[in-house]
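A.B. asks: The structure follows.
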Amino acid sequence: MTFSEILDRVGSMGPFQYLHVTLLALPILGIANHNLLQIFTATTPDHHCRPPPNASLEPWVLPLGPNGKPEKCLRFVHLPNASLPNDTQGATEPCLDGWIYNSTRDTIVTEWDLVCGSNKLKEMAQSVFMAGILVGGPVFGELSDRFGRKPILTWSYLLLAASGSSAAFSPSLTVYMIFRFLCGCSISGISLSTIILNVEWVPTSTRAISSTTIGYCYTIGQFILPGLAYAVPQWRWLQLSVSAAFFIFSLLSWWVPESIRWLVLSGKFSKALKTLQRVATFNGKKEEGEKLTVEELKFNLQKDITSAKVKYGLSDLFRVSILRRVTFCLSLAWFATGFAYYSLAMGVEEFGVNIYILQIIFGGVDIPAKFITILSISYLGRRITQGFLLILAGVAILALIFVSSEMQLLRTALAVFGKGCLSGSFSCLFLYTSELYPTVLRQTGMGISNIWARVGSMIAPLVKITGELQPFIPNVIFGTMTLLGGSAAFFLLETLNRPLPETIEDIQDWYQQTKKTKQEPEAEKASQTIPLKTGGP
């Protein structure tokens with residue numbers, strides 16, 4: 001008897017699973033807010049140099065740029081005065097007395113003057129946040145395998161609540177970056193534990209639906225953020241607003257049960273049995289739960305218990321050929337998705353459209369995108385869906401090269417389409433990755449995959465700097481990498497309607513069966529080929 005069959009006995013999709021998925025999904029609303037928070041807390045408004053204290057405030061005091069507006073980073077050394085020598089009339093200097101910002105919003109940019117020579121610090125703040133997610137992946141992955149999924153989930157909620165709230169009271173940009181780094185670390189812990197606890201407590205037949213439901217919560221979070229940002233124009237209060245709720249989520253997480261697979265593989269059979277019986281009671285199958293015994297769990301999951309005695313680590317992802325292929329292809333797909341997604345999602349200001357409206361549109365496209373994704377992964381399969389989502393996104397990004405900046409509507413439409421494809425790609429990847437790696441390596445595999453997505457999101461701002469050389473270079477890089485990620489997906493195994501692999505041997509057997517299935521039609525076709533006679537009758 002497999003774990004899936006044991007889950008069927010206690011209720012594979014009953015009231016427990018609905019409440020379980022709900023408790024895991026609600027905090028994802030806040031994760032979306034944190035990931036995209038700097039769209040609003042780090043907005044760069046129109047600005048120009050503050051004139052010297054003794055200068056007139058008339059517009060002519062400031063030099064004008066090519067667009068007829070005051071220069072953002074320069075001012076005249078001397079006030080225009082006919083009595084000055086001609087060679088000093090047009091002399092300019094940097095903004096020695098600060099800047100004037102044409103905005104009612106209070107952001108980290110306006111508070112710490114992250115403009116002109118300091119404008120790269122704004123991008124650095126976002127990169128530091130992504131670095132936190134990058135570091136948090138392997139750290140919390142290892143801690144989760146050692147101490148369990150549930151305690152790491154709870155502590156990650158607390159860390160995000162504490163560090164996010166502390167960031168709201170930061171006295172300097174450096175302190176702000178430190179707390180944002182910790183926010184990123186905690187988000188990795190939440191994401192990884194949520195994915196594992198979802199797929200391990202939900203039956204195979206509804207796994208795609210539950211995963212997409214959690215993905216939709218991220219979409220709803222994208223709707224909530226612009227409304228919240230519009231209502232709370234002060235960045236400190238906005239930062240505090242999106243962080244405080246995680247104190248409540250940490251309390252609710254105590255109800256979430258530990259992964260049965262982890263309990264069994266860790267030798268905690270009595271706790272695993274009590275957890276299953278509690279689930280059975282909640283699902284109205286108390287009698288079935290009482291029939292289960294520790295001996296039955298040990299007997300039916302003996303294969304898993306034996307494999308648990310062997311310690312697995314990062315090197316095991318490359319030990320056998322099929323795992324090397326899975327790791328390489330998934331890493332490329334994750335990198336491409338994170339790389340391109342955050343180049344579009346964090347570039348809302350670049351399209352010349354109201355950022356509140358455009359963020360709602362960017363969030364809204366996820367609804368049809370994820371709905372189409374769930375239909376596709378449920379009927380066409382994970383591999384085809386993953387491949388085509390990335391290829392379509394790559395085509396949309398490359399198409400931006402040929403659309404002039406004056407055609408804002410078309411450029412925005414292509415960006416929205418590409419972002420929708422990449423959102424669907426994330427939804428598919430979270431499910432696909434958890435299904436491809438065996439239980440003994442699932443958390444490690446998810447951690448490595450998460451790392452590559454975050455590496456991509458960290459590199460994306462640096463790639464945008466290449467646009468100073470030629471405007472089309474960033475889109476060439478983003479689009480090409482996305483096409484490569486989509487192509488890699490076609491080299492993976494299909495997981496549609498298959499139980500989760502428990503051990504490395506399971507995925508090896510699965511790979512051999514797939515090869516054999518492909519070879520049989522070819523052999524049959526060859527055997528049916530009849531050579532033509534060359535002689536006469």
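Even glycines carry a Cβ here, placed using N, Cα and C.
Among the features that Swiss-Prot reports, topological domain 'Cytoplasmic' is placed at 1-11, 145-150, 198-212, 258-327, 376-383, 433-471, with the record citing sequence analysis. Marked as phosphoserine by Swiss-Prot on the basis of similarity to another entry: Ser4. Annotation source Swiss-Prot lists transmembrane segment at 12-32, 124-144, 151-171, 177-197, 213-233, 237-257, 328-348, 355-375, 384-404, 412-432, 472-492. Here Swiss-Prot flags 33-123, 172-176, 349-354, 405-411, 493-537 as topological domain 'Extracellular', drawing on sequence analysis. Annotation comment: Swiss-Prot describes Asn81 as N-linked glycosylation site. The region 'Disordered' annotation in Swiss-Prot covers 513-537.
How buried are the listed features, and what sits near them?
C.D. replies: Here the transmembrane segment (12-32) has Cβ contacts under 8 Å with residues 4, 157, 160, 187, 190-191, 194, 197-198, 201-203, 205-206, 210, 213-215, 217-222, 224-225, 242-243, 245-246, 249, 252-253, 255-257, 279, 282-285 of the same chain, all six or more residues outside its ends.
On the 0 to 100 pLDDT scale, the topological domain 'Extracellular' (33-123) averages 72 in this prediction.
Away from its own ends, the transmembrane segment (124-144) comes close to residues 38, 42, 108, 152, 156, 173, 176-177, 180-189, 192-193, 196, 342, 346, 443-444, 446-448, 450-451, 454-455, 457-458, 461 of its chain (Cβ-Cβ under 8 Å, at least six residues beyond either end).
Nonlocal intrachain contacts for the topological domain 'Cytoplasmic' (145-150), taken as residues 6+ away from its ends with a CB within less than 8 angstroms of a stretch CB, comprise 193, 196-197, 253, 256-259, 262-263, 266, 443-444.
Here the topological domain 'Cytoplasmic' (198-212) has long-range neighbours at 4, 7-8, 12-13, 17, 20-21, 24, 257, 259-262, 370-371, 373-374, 377-378, 427, 430-431, 434-435, 497-500, meaning same-chain residues at least 6 beyond its ends whose C-beta is under 8 angstroms from one of its own.
Through the fold, the transmembrane segment (237-257) approaches residues 19-20, 23-24, 26-27, 30, 33-34, 37, 40-41, 150, 153-155, 157-158, 160-161, 163-165, 167-168, 183, 197, 201, 225, 228-229, 275, 278-279 of its own chain, all at least 6 residues removed from its boundaries and within a Cβ separation under 8 Å.
Long-range contacts of the transmembrane segment (328-348) within the same chain: residues 36, 38-39, 126, 130, 355, 358-359, 362, 386, 390, 393-394, 397, 415, 418-419, 422-423, 425-426, 429, 432-433, 436, 445, 448-450, 452-457, 459-461, 463-464, 474, 478-479, 481-482, 484-486, 488-489, 491-492, each at least 6 residues beyond the stretch ends and with a Cβ under 8 Å from a Cβ of the stretch.
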A.B. asks: Is the transmembrane segment (177-197) in contact with the transmembrane segment (472-492), using three or more Cβ pairs under 8 angstroms as the rule and ignoring pairs under 6 apart in sequence?
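C.D. replies: Contact criterion not met.
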A.B. asks: In the same chain, who gets a Cβ under 8 Å from the transmembrane segment (213-233) while lying at least 6 residues past its ends?
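C.D. replies: Residues 21, 24-26, 28-33, 36-37, 39-40, 104-106, 194, 198, 241-242, 355-357, 359-360, 362-364, 366-367, 370, 423, 426-427, 430.
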A.B. asks: Counting CB pairs under 8 Å, which listed stretch among 151-171, 177-197, 355-375, 412-432 touches the transmembrane segment (384-404) the most?
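C.D. replies: By Cβ pairs under 8 Å, 412-432 leads among 151-171, 177-197, 355-375, 412-432.
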A.B. asks: Counting only residues 6 or more past its boundaries, what in the same chain has a CB within less than 8 Å of a CB in the topological domain 'Cytoplasmic' (433-471)?
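C.D. replies: Distal contacts: 123, 126-127, 130-131, 133-134, 137-138, 140-142, 144-145, 149, 188, 191-192, 195-196, 199, 207, 261, 265, 304, 307-308, 310, 312-314, 316-317, 323, 326-327, 330-332, 334-343, 346-347, 382, 477-478, 492-493, 495, 498, 500-504, 506-507.
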A.B. asks: So what's near the topological domain 'Cytoplasmic' (376-383) in sequence-distant terms, Cβ-Cβ under 8 Å and 6+ beyond its ends?
C.D. replies: 208-209, 428, 431-432, 435, 489-490, 492-496
